[in-house]
Amino acid sequence: ELFLAFLPLFDRTVVRQEAKLERKRGTGLGKVSVLPDIELFFSIGDGTSGLLQTVFICSYMFLAPLFGYLGDRYNRKLIMCVGIFFWSVVTLASSFIGKDHFWALLLTRGLVGVGEASYSTIAPTIIADLFIKEKRTNMLSIFYFAIPVGSGLGYIVGSKVDDVAGDWHWALRVTPGLGLLAVILLLFVVQEPKRGAIEAHPEHTLHRTSWLADIKALCRNPSFVLSTFGFTTVAFVTGSLALWAPAFLFRAGVFTGEKQPCLKAPCDNSDSLIFGIITVVTGILGVASGVQASKKLRIKTPRADPLVCAAGLLLAAPFLYLSIVFAQASTAATYVFIFLGETFLSMNWAIVADILLYVVIPTRRSTAEAFQIVLSHLLGDAISPYLIGVVSDSIKKSDSYMWEFRSLQMSLLLCSFVAVGGGAFFLATAIFIEKDRHLAENYVPSENLAMSIAFS
C-alpha cells in the first residue's frame with residue numbers, strides 16, 4: 001500500500017511541474033518547468049494551461065465521496081484495483097494526445113482523479129483494520145512517507161525527464177507501468193480484512209447506516225471536524241508552496257542578480273530540483289519525528305496527537321515567514337528556513353490520519369476520509385495557489401523584476417498566518433479528543449440506527 005500511495009502523488013507532482021505557471025510571460029521570469037513546451041505544442045496560453053491542475057483537483061474532490069461510500073460497503077481491494085488500473089491506462093493515454101486536442105488532455109487529467117480518489121479514501125481504512133494502537137500509528141507513518149517522497153520525486157523527475165528525453169510527453173509515461181505492478185501486488189499480496197474486526201468488542205455488532213446518517217454523525221464529532229479544518233490549513237500551505245516556492249526562489253535569484261531572466265525555454269529549473277529534494281527529506285523527517293513525539297507524549301497525556309499537530313504548525317509558521325523574508329538576503333538561509341518549516345509541517349500527515357481512524361467508527365471511516373479529502377482540497381490546495389497569485393497581482397505595481405519578486409513575497413506571507421490558524425484548530429481538537437475517542441471505541445448502535453442499512 002505504500003507503493004500504491006506513492007504512485008498517484010508522484011504522477012500528480014510531475015503534472016504539476018508541467019502545469020506550473022507564472023502570469024507575466026513577457027517579463028523573463030517565465031516558467032520553472034516544462035510548461036513552455038506544452039504551451040507551444042498545443043498553442044495555448046497561461047490561463048488555459050492552468051486548467052490542467054484545476055480539472056484534476058475538481059474531479060478528485062467530486063469522486064472522493066463516491067469512493068468513500070463504496071469503500072464503507074463493498075470490497076475495498078477490488079475497488080482500489082479498478083481505480084489504479086483505470087488511472088494507469090488514462091495516464092498513459094494522455095501522453096499520446098495530438099496537438100489539436102487539448103480538450104482531451106484536460107479530460108484525461110480529470111479522469112486521473114479516479115485513481116487517487118479510489119486509494120486515498122480506502123487504503124488508510126484497510127491499515128486501520130489490520131493494526132491497532134501504536135502499531136497502527138507506525139504503519140500509518142510508513143504509508144504517509146509516500147506523500148513527501150512521491151511529491152518530491154515528482155518535482156525531481158518532472159524537471160529532468162524533458163532534458164533526457166527531449167519530449168515532455170515522457171513525463172506522463174513514467175508511472176503507468178508501476179501502476180499496473182501495484183494492481184498485481186494488490187490482487188496477490190493484500191488481504192481484505194473485515195471492517196472493525198480487530199478492535200470490535202465481541203458483544204458489539206456494527207451496522208451500516210445510510211450515507212446521510214454517516215454525514216450527520218461526522219458533523220457532530222468535534223474532534224473529526226476540528227482536526228479536518230486543521231489539516232485543511234496544512235493543505236493550504238503545502239499547496240501554495242508546491243506551486244509557488246520554486247517560482248519565488250527563481251524570482252529572488254533574478255532580483256538579486258544571481259540568475260538570469262528566462263526569456264526563452266528551457267528555463268533554469270534548479271530551484272524545482274532543490275525544492276523536490278527538500279520535500280523528500282523533510283517529509284521523511286517530519287513524519288517520523290511527528291510519530292515519535294506523539295508516542296512519547298501519549299505516556300503523559302491522551303491529548304498527545306492534536307498537541308503534536310498544533311506544535312508542528314505553530315513551529316512551522318515562523319520558519320516559513322523567515323524563509324520568505326530572507327529570500328533576497330541569503331539563498332542559503334532561505335533554503336535552511338524552508339527545510340525547517342517543511343519538516344514541522346510534515347509532522348501532521350500520519351497523526352491526522354490516526355486521529356480520524358480512532359475517533360470514527362469502522363463503518364464510517366471511508367466516508368470520513370472522503371469528507372476530509374473534499375474539505376481539505378476545497379478550502380486548501382485547490383484555492384491557495386490561485387489566491388496567492390491573485391494577491392500577488394493585486395499588490396504588484398509594475399512588471400519590473402523587483403515587483404514580480406516583491407508582490408509574490410508579500411502574498412506568500414499569508415501562509416505563515418494560515419499555519420497559526422491551523423495550530424489553533426488542533427489545540428481546540430485537544431479539548432474533545434479524549435471524549436470522542438472513548439465514544440468511538442465503545443460505540444453501541446441504537447436499535448433505530450441499526451435498522452438503517454445503507455443501500456441507497
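Glycine is no exception: its Cβ is also placed from the backbone N, Cα and C atoms.
According to TrEMBL, the feature domain 'Major facilitator superfamily (MFS) profile' maps to 1-439.
Residues annotated as transmembrane segment in TrEMBL: 50-71 (among others).
If you look up TrEMBL, you'll see 78-98 (among others) marked as transmembrane segment.
Beyond its flanks by at least six residues, the transmembrane segment (110-132) meets 1, 4-5, 8-9, 11-12, 15, 55-64, 66-68, 71, 76-77, 79-80, 82-84, 86-88, 90-91, 94, 138-140, 143, 179, 190, 192-199, 353, 356-357, 362, 365-366, 369-370, 373 of its own chain at Cβ-Cβ distances under 8 Å. According to TrEMBL, the transmembrane segment annotation covers 110-132 (among others).
Taken from TrEMBL, the feature transmembrane segment applies to 139-158 (among others).
For 170-190 (among others), the entry in TrEMBL reads transmembrane segment.
Taken from TrEMBL, the feature transmembrane segment covers 224-245 (among others).
Sequence annotations record features per position, and here TrEMBL assigns transmembrane segment to 273-294 (among others).
According to TrEMBL, the feature transmembrane segment maps to 306-329 (among others).
If you look up TrEMBL, you'll see 335-361 (among others) marked as transmembrane segment.
According to TrEMBL, the transmembrane segment annotation covers 373-391 (among others). Listed as Cβ neighbours of the transmembrane segment (373-391) (distance under 8 Å, sequence separation of 6 or more from its ends, same chain) are residues 23, 53-54, 57-58, 60-61, 64-65, 117, 120-121, 228-229, 231-240, 242-244, 408, 410-412, 414-415.
Look at TrEMBL and you will find 411-433 (among others) tagged as transmembrane segment. Outside the transmembrane segment (411-433), and at least 6 residues removed from its termini, the chain residues within Cβ reach (under 8 Å) are 222-223, 226-227, 229-234, 236-237, 240-241, 244, 248, 302-303, 305-307, 309-311, 313-314, 316-318, 320-321, 324-325, 345, 355, 359, 384, 387-389, 391-392, 395.
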Cβ-Cβ under 8 Å with the transmembrane segment (306-329): same-chain residues at least 6 beyond its ends: 223, 227, 230, 233-234, 237, 248-249, 252, 255-256, 286, 290, 293-294, 297, 335, 337-338, 340-348, 351-352, 355, 405, 409, 412-413, 415-417, 419-420, 422-424, 426-427, 429-430, 433
Chain residues in Cβ proximity to the transmembrane segment (335-361) (below 8 Å; excluding those fewer than six residues from its ends, i.e. six or more beyond): 124-125, 128, 136-137, 140-141, 143-144, 147-148, 196, 206, 218, 221, 223-224, 227-228, 230-231, 234, 237-238, 241, 245, 274-275, 278-279, 281-283, 285-287, 289-291, 293-294, 305-306, 308-309, 311-313, 315-317, 319-320, 322-323, 326, 368-369, 372, 419, 429, 433, 436-437, 439-441, 443
